[in-house]
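Now, the feature entries from Swiss-Prot:
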- 1-72: domain 'S1-like' (DOMAIN)
- TYR60: phosphotyrosine (MOD_RES)
Amino acid sequence: MAKDDVIEVEGTVIETLPNAMFRVELENGHTVLAHVSGKIRMHFIRILPGDRVTVELSPYDLTRGRITYRYK
C-alpha cells in the first residue's frame, strides 16, 4: 500500500489503552483504535485523553489508525 492511499482525519483522544494504544473519537462521530507512529514514540511526545490528534486510516480497515500528530 502506498502512503498516498491513507485517509487523514482529526479527532480527540477519549481513552488511553495498554501498549501505546488509544481510543480516538473522530470529527464525524466514529470511534477508532489508534496506535502511535514511530516519530511520536521516538521523540517521547505524551498523548493524554482530551488531546486533539491527526489520525491516518487505511482504506482497508477504517476501525484502526495511526496517530501522526498531536496538536498543541
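Backbone N, Cα and C atoms are what each Cβ position is placed from, and that goes for glycine too.
The domain 'S1-like' (1-72): residue composition by secondary structure is 8 helix, 40 strand, 24 coil, according to DSSP.
Confidence across the domain 'S1-like' (1-72), taken as the mean pLDDT and rounded to a whole number, stands at 95.
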